[in-house]
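Structure record follows, encoded as structure tokens.
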Amino acid sequence: MSDSLRRTVFHDLHVELGAKMVPFAGYDMPVQYPMGVMAEHLHTRAQAGLFDVSHMGQVTLHGPDVALALERLVPVALAELKDGRQRYAMFTDAAGGILDDLMVANRGDHLFVVVNAACKADDIAHMRANLPGITVTEHSGRALLALQGPGAEGALATLIPAVADMRFMDVATHAWDGADLWISRSGYTGEDGFEISVPHSHAVEFARALLALEAVAPIGLGARDSLRLEAGLCLYGHDIDITTTPVEAALNWAIQKSRRTDGARAGGFPGADVILPQLTDGALRRRVGLLPETRAPMREGTALFADTTAADPVGHVTSGAFGPTLQAPMSMGYVPESLCTPGTRLYGEVRGKRMPVVVAALPFRPAQFKR
Amino acid sequence: MKYTEDHEWLRLEGDLVVVGITEHAAEQLGDVVFVELPELETQVAKGDEVCVIESVKAASDILAPLDGEVVEVNDNLSATPSLVNEDPAGDAWFFKLKIDDLSVLDEFMTEDEYKDFIA
């Protein structure tokens, strides 16, 4: 079975570093290194963690009015996205559900898009089918690294000093050892940091140069998951999918005014007739943070009840784990609008017992972005 | 000390069987963040789920290795679940079982047999 798994260019390096490898989105990926998930999480919060995210899809879009063209597939404003800036977006379907979430960067004469590994084939087909006149190019010859944490800037700047001038969501191309690195000041841990696209020819050498720095440690998917959950960020296929709309997922912040009702370029994306009214009137349910009041983590699938005796659940947990920085269990899930006020007490059924859990504001840990 | 195929160790203490998990199992679990202990005086049958160990990754069960009655639980694990990683074969015992026939312990693996089992 593992024979059919794809490998990133860093596979041998992961094994050399002692990683425990697991199947993830069709790839054989490091879930943790010898340091362990808890220590890797805390290291990223205190110093700098290096993540292999090469399984994700890297795509460029070229063509006339490419930003306006891509706006036909996302409820996000891209026409006013400035050269050298990046924005979070999501592909929607006709029912307002989320097909995938993605990052879109304006790189002057084209857009650079990063999509999730499990969705990338569908995303590319979706763009090719629905963006006539736009050339959609997958860059499968490039690896992607994320360097995250308060020590990320200092570490990366020892190799590429110019990154110190980048602000949150800036994108730029910088040379390293003769290779063009596509760098964004972003990530998915709630920490300051960078995502760095590097050609395969230079990828391992570049990763080794970062790992040689004292602040930098390799971090696996286990800690990536607990970091993003503490940061209140959605994981596609868990917290968001085709059954959740951006409004239900509490992603309203990602839908700019110009795309909303009465905006300059209102609507015009799949599911607008569902999503735009929800932005005004609210949805029936919403994604919330959940803090269990006992030590037992409430994991994905845990049913949520309004009280200890109710027969039917009011919602369910979509992600749940122990938060190493919080030093407490934490979850996210969907509940009716009437129950989503922070402080509302609900009950999660864990192994047949109803355990108290309180609705909490997200993120669990405030973001440390360098704006 | 005896060992089960479920990676538990069993230690005889007077007429009680003390149950814990092996270092190998603790390593596989990763960082333990929560332990749900059984209630005292619970009658358990071999194979019953007695305890739940939650690591950062997932929840795992400890199964009763024998028929018996839970007569003592290690409350230290409620306050300090990380003991399971720090001292799995010592301070991080989970519960003590009172059983009728101690000779059934002979069925389980010796330390050498367990080492071969996980090799």
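Heads up, the Cβ atoms here are built off N, Cα and C, so glycines get one too.
These features come from TrEMBL:
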type	residues	note
DOMAIN	B:16-98	domain 'Lipoyl-binding'
MOD_RES	B:Lys57	N6-lipoyllysine
Would you list the DSSP helix, strand and coil counts for the residues of the domain 'Lipoyl-binding' (B:16-98)?
15 helix, 35 strand, 33 coil
Cβ-Cβ distance under 8 Å, sequence separation of 6 or more, same chain as B:Lys57 (N6-lipoyllysine); the residues meeting this, in order, are B:Leu29, B:Gly30
Average the pLDDT scores across the domain 'Lipoyl-binding' (B:16-98) and report the rounded value.
94
